[in-house]
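What follows is a set of notes on a single structure, which appears directly below.
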Amino acid sequence: MVTWLLGELSIEQSSPVHYVPFDVRGGIFLAIFLTTTLMFIVNLTANSSSFKLYLFLLGTAFFSGLLFLLNEKHKSHKLLELSLFKNKRFLQLLSAFFLLQFSSLSMSYLIPNVLQILFAQSPGLVGFLIAPAAVIDAVLSVVAGIIYDKTAPRLPIISGCIIIGLTFLGANLFTPSIGGLVLIYMLFMVGLSFSYSNIMTYSLSQLPAGLVNDGNSIYMTVQAYSGAVGIAISSSIVSLLQKQQGSVISGTKWGLAINFLILFFVAVFTISLCLIALRNKVIKGDKE
C-alpha cells in the first residue's frame, strides 16, 4: 500500500492515456496454456500420475497454445506482441531472464525448507538466517544499477551470471551445512542482483519505442511463470526423492543435491546465452 501511494505521488504520466480493449479470448487461451503446461511439468517431475493424464495435459497445452497463436495473428490489439520473438537478442536475454528467475524461486524454496527439514531449524531462526541474502539483494541491486549506467551493460550482467555459476559449482562440491547453505544463498543473491534486473533493462532498451510496452508485458509474464515452474520442479524433485528413499531426511538431502546439479547446468546455459547476446552491438538476423 505504501509503495502504491509513493508511486501515485511521484510518477508522472508522460504521454496521453489511450484505452486498449483487453483480448479476453486470447487471455483465456494463454491462461489455459500456461496452467496445463505447468501441471504437466509438475506431474512429470513428481512421477505421480497416469499416462492418460500426461497425454491430456500435453494435448490441452498444445491446442490452447495453437489457438492463442491463431487468435493473436488476427488481432489489432494483441495480448502479446509475438513478433518480438523473431528478435534473436531479445529471445536470448528473455531466456536468460527466465532461467535466473527459475533459479531464484528454486533457491527460495530449497534453502528454507532444507534448513528446517535437514537441520531441524525453527521457522523463526530460518527467517533470521536467510535475511542477510534479502538485504544483499536490496543493496546490491542499487549498486548494480549504478555500474550498469556508468559502464557497459556486459560487465554487471556477465559478472553476475558467473558468480551464480561458481556458487552452484561450489554447492555441488561441498557437503551441505547450515553455514554453507546460508553462504551459498548469499552468494547467489549477489550474482542475481548484478544480472537479473539489468538483463531486462538492457533488453527493453534495445527495442523500438513502440514495442517497449509489449516487451515489458512479455517479461512480466515470463517472470511470473518461470517462478512457478522453478518452485514446482524443485519441490517435485524433493518430494519424489523423499518417497523413493523412504526417509524424509535422506530424500531431502538427495533432492537438494539433484536440484543443485540442475541449477549448475542452468547457470552454465544462462552464462552462454548472455555471452552470445552481448558479444556485440548488432546481431545479424535481429528483427525489430
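Numbers here mean position along the shown chain, with the first residue as 1.
Heads up, the Cβ atoms here are built off N, Cα and C, so glycines get one too.
Please treat TrEMBL annotations as automatic predictions, because they have not gone through curation.
Here is what TrEMBL records for this protein:
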DOMAIN    89-288  domain 'Major facilitator superfamily (MFS) profile'
TRANSMEM  26-46  transmembrane segment
TRANSMEM  53-70  transmembrane segment
TRANSMEM  90-112  transmembrane segment
TRANSMEM  124-148  transmembrane segment
TRANSMEM  154-174  transmembrane segment
TRANSMEM  181-204  transmembrane segment
TRANSMEM  224-242  transmembrane segment
TRANSMEM  254-278  transmembrane segment
* Asked: Taking every residue in the domain 'Major facilitator superfamily (MFS) profile' (89-288), what is their average pLDDT?
  -> 88
* Asked: Taking the transmembrane segment (124-148) as reference, which of 154-174, 181-204, 254-278 has the most Cβ pairs under 8 angstroms?
  -> 181-204
* When you scan the chain for residues with a C-beta under 8 Å from the transmembrane segment (26-46), skipping those not six or more beyond its ends, what do you find? -> 53-54, 57-58, 60-61, 64-65, 67-68, 71-72, 75, 78-80, 225, 228-229, 232-233, 236-237, 239-240
